[in-house]
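The structure appears right after this line, and notes come after that.
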Amino acid sequence: MDKLLERFLNYVSLDTQSKAGVRQVPSTEGQWKLLHLLKEQLEEMGLINVTLSEKGTLMATLPANVPGNIPAIGFISHVDTSPDCSGKNVNPQIVENYRGGDIALGIGDEVLSPVMFPVLHQLLGQTLITTDGKTLLGADDKAGIAEIMTALAVLQQKNIPHGDIRVAFTPDEEVGKGAKHFDVDAFDARWAYTVDGGGVGELEFENFNAASVNIKIVGNNVHPGTAKGVMVNALSLAARIHAEVPADESPEMTEGYEGFYHLASMKGTVDRADMHYIIRDFDRKQFEARKRKMMEIAKKVGKGLHPDCYIELVIEDSYYNMREKVVEHPHIIDIAQQAMRDCDIEPELKPIRGGTDGAQLSFMGLPCPNLFTGGYNYHGKHEFVTLEGMEKAVQVIVRIAELTAQRKS
């Protein structure tokens with residue numbers, strides 16, 4: 001495990017922040033740098049069929065070291081970091097034997113406090129890797145990458161029995177494009193696991209059904225002094241639309257299996273306003289009902305408008321709950337749970353209040369639940385990971401490979 005931390009620190013030193021609204025994939029040059037580094041490292045380790053596609057998907061195979069018809073399985077992580085917070089000049093702090101209390105992040109006023117993040121109370125005595133308060137850390141998902149790379153090394157060095165192990169590193173997961181250019185046939189695994197979760201023990205195979213809603217509102221602007229009966233204020237229409245959206249079904253009011261409507265952005269003038277919502281729900285019927293609700297609201301608010309003024313609503317599905325695909329193959333979850341228990345970890349099955357590459361891949365024919373990385377507070381300057389959590393993730397990956405080798409196709 002001595003190289004696990006070294007690998008992680010190496011990977012987070014590269015700025016791989018992805019960028020939304022960009023046609024090219026990967027969306028940023030920094031992602032290519034990490035992909036080329038990983039390709040070189042995989043080749044040096046002796047993996048075969050190492051390929052890097054023109055869309056930035058890196059794949060490789062660790063060949064089986066035992067005979068028999070053992071199913072090929074995969075492990076997947078993404079190279080990009082969130083657009084929500086800078087990933088440039090990441091300067092990790094290593095806090096050994098955490099004794100509790102606030103951790104100063106760099107030389108400013110930022111702290112990592114157990115008052116705000118009570119999970120710290122459970123991590124006494126562990127080694128924490130934090131930010132310096134100026135950037136995110138990049139544990140999402142460079143912890144996953146380091147864990148997969150280290151697990152490959154452990155399987156080789158200890159000659160642990162395993163079948164074919166496929167690995168893949170994808171770009172632009174944070175902007176929803178990670179799986180769009182993933183060649184499932186070329187990957188050629190029976191099932192896979194993304195290593196992109198949170199705290200130790202998390203095992204996730206349920207995620208939101210997701211859709212985006214874009215609303216274009218065209219009004220009519222005239223001088224306010226002569227506006228009666230003529231002006232149609234697009235901003236007022238936008239306000240009326242949002243007032244119709246259930247206020248108690250927003251992200252800040254929901255948790256667990258509860259879905260939500262989220263107004264992510266709004267801009268405009270009297271003439272023209274644009275609103276962008278995201279809709280999330282675990283239940284497919286409720287998901288469809290939420291989309292209908294948005295259409296009904298737009299129709300209600302737009303009723304009776306002058307023909308030159310209108311409300312246009314476009315709904316686009318983003319991804320679906322992988323549960324309906326993964327539950328068709330219960331052994332995938334059973335093996336992961338057994339692997340965790342064999343590593344003295346109690347599995348924590350919980351829904352992902354978000355999405356992963358695995359959600360899309362599951363609907364592309366590759367069932368793909370999500371394993372923990374040992375990281376917390378992703379997408380911001382309070383992000384951190386524990387070295388012990390990362391070590392546990394490596395152990396679980398290795399044990400999954402070992403258990404799968406005991407299972408014949």
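From the backbone N, Cα and C atoms, a Cβ is placed for every residue, glycine too.
Over in Swiss-Prot, the protein carries these features:
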type     : residues               : note
BINDING  : HIS78, ASP140, ASP196  : Zn(2+) 1 binding site
ACT_SITE : ASP80                  : active site
BINDING  : ASP140, GLU174, HIS379 : Zn(2+) 2 binding site
ACT_SITE : GLU173                 : active site, proton acceptor
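Features recorded in Swiss-Prot, as mapped to the structure shown.
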{"residue": "HIS78", "record": "Zn(2+) 1 binding site", "DSSP (3 states)": "strand"}
{"residue": "ASP140", "record": "Zn(2+) 1 binding site", "DSSP (3 states)": "helix"}
{"residue": "GLU173", "record": "active site, proton acceptor", "DSSP (3 states)": "helix"}
{"residue": "ASP196", "record": "Zn(2+) 1 binding site", "DSSP (3 states)": "coil"}
{"residue": "HIS379", "record": "Zn(2+) 2 binding site", "DSSP (3 states)": "coil"}
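Excluding ASP140, GLU174, HIS379, which define the Zn(2+) 2 site, the same chain contributes THR81, SER82, ASP84, LEU136, ASP141, TYR378 within 8 Å (Cβ to the Cβ centroid), listed in sequence order. Around HIS78 (Zn(2+) 1 binding site), the same-chain residues six or more apart in sequence whose CB sits under 8 Å from its CB are ASP141, GLY144, PHE169, THR170, PRO171, ASP172, GLU173, GLU174, GLY178, ASP196, ASP357, listed in sequence order. Between ASP140 (Zn(2+) 1 binding site) and HIS379 (Zn(2+) 2 binding site), the C-alpha separation comes to 8 Å. The residue listed as 'active site' is 11 Å away from HIS379 (Zn(2+) 2 binding site) when you measure Cα to Cα.
Close to the residue listed as 'active site' in the fold, though at least 6 residues off in sequence, lie THR16, GLN17, SER18, PRO26, SER27, THR28, GLN31, PRO171, ASP172, GLU173, GLU174, VAL175, GLY178, each with a CB less than 8 Å from its CB. Other than HIS78, ASP140, ASP196, the residues of this chain whose Cβ falls within 8 Å of the Cβ centroid of the Zn(2+) 1 site are, in sequence order, SER77, ASP141, GLY144, GLU173, GLU174, THR194, VAL195, THR356, ASP357, THR373. Candidate recorded positions: ASP140, GLU173, GLU174, ASP196. Fewest other C-beta atoms within 10 angstroms, GLU174. Within 10 Å of the C-beta of HIS379 (Zn(2+) 2 binding site) we count 15 further C-beta atoms, all protein chains included.
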